[in-house]
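Under the heading repeat 'Solcar', TrEMBL lists 6-93, 101-225, 234-323. Positions annotated as transmembrane segment by TrEMBL: 12-32, 294-319.
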Amino acid sequence: MSQQQISLPAKLINGGIAGIVGVTCVFPIDLAKTRLQNQRQGQQVYKSMMDCLIRTVRSEGYFGMYRGAAVNLTLVTPEKAIKLAANDFFRHHLGRSGKGLTVYKEMLAGCGAGMCQVVITTPMEMLKIQLQDAGRLAASQNQQRTPAVVASSKLGAGNAVLRRSYNVGLAPAPAARAESATQIARQLLRAQGVSGLYRGLGATLMRDIPFSVVYFPLFANLNALGKDAPEGSAPFYWSFLSGCAAGSIAAIAVNPCDVIKTRLQSLSKGANEESYSGIVDCFRKILRREGPAAFLKGAGCRALVIAPLFGIAQVMYFVGAGEFILDHNPFRLCSRSVV
């Protein structure tokens, strides 16, 4: 089925279903990625992804691996819908000449999609990171027997909720008191306004635009290799593998930007963990204190997250789950019978 034949509502449904299924499957790995990226040199709590997941289950229980998942599950539908639909929109308009899309035009379409999605991505990841990193901070406090320091200047006077989350003092239990995304969002809005939810917007753009520029053209060309005819469609398994391969490559390519974004969006700091005034300051401090290898922290986890996430997304998108739902909509069937 040609992408141009897919209606906009079907595209939105496809992206939403793919996002929910994908996030549910890979969220624990994403949590490990966030915690590994936020570790400073000499203050490592976790040795690897598996060590992080095992320690998380032991200290916070099975559902501790899904801390922050509710934010993603709520906002991933509009995020993926915007990303996939925007890319298709730009590809359609850039290819109106009938000559097909050059790699340059495919990259432009991906760039447009990346710019559109940050409207949802930035606040979603801002809230998710606070929840995901709470367990690492609590474990670090317990390990060092030193209360974590929350930079009050970041949230102003109204940061009581976040202070309760992370200031566990010398208590032996490493588990942090759970706070909801709604409570954290209210504190940010009260202290900083809407801009508080969009902290790290520049870093998010710096990550998502290059990611989309790499991912969408790469996927389109890999997927085209599996088509029997230029106007045909690739097999189910080929779209999945193409999405996984393109997603992994793009994720690793932009991982340094993701490390910077994660550090900037982490409002609460552990003992002796530095704060950053912006992208350049963050880059310089990480490079000087932790070396170039720090920019690859969590790269393996991120590749493991993105590969199935985008593989599932592309399968849903091209198989046409959204169209099936729309065609079997009872309200639509009722309206047809009346006519």
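Placement of Cβ uses the backbone N, Cα and C atoms for every residue, glycine included.
Tertiary neighbourhood of the transmembrane segment (294-319): same-chain residues 1, 3, 6, 11, 14-15, 17-19, 21-23, 25-26, 29-30, 32-34, 36-37, 39, 41, 49, 80, 84, 215, 219, 223, 233-234, 236, 239-248, 250-252, 255-256, 258-260, 262, 286-287, selected by CB-CB distance under 8 Å and a gap of 6+ residues from either end.
Regional average pLDDT for the repeat 'Solcar' (101-225) in the model is 77. Here the repeat 'Solcar' (234-323) has, by DSSP, the following mix of helix, strand and coil residues: 70 helix, 2 strand, 18 coil. DSSP places the residues of the repeat 'Solcar' (6-93) in helix, strand and coil in these numbers: 73 helix, 0 strand, 15 coil.
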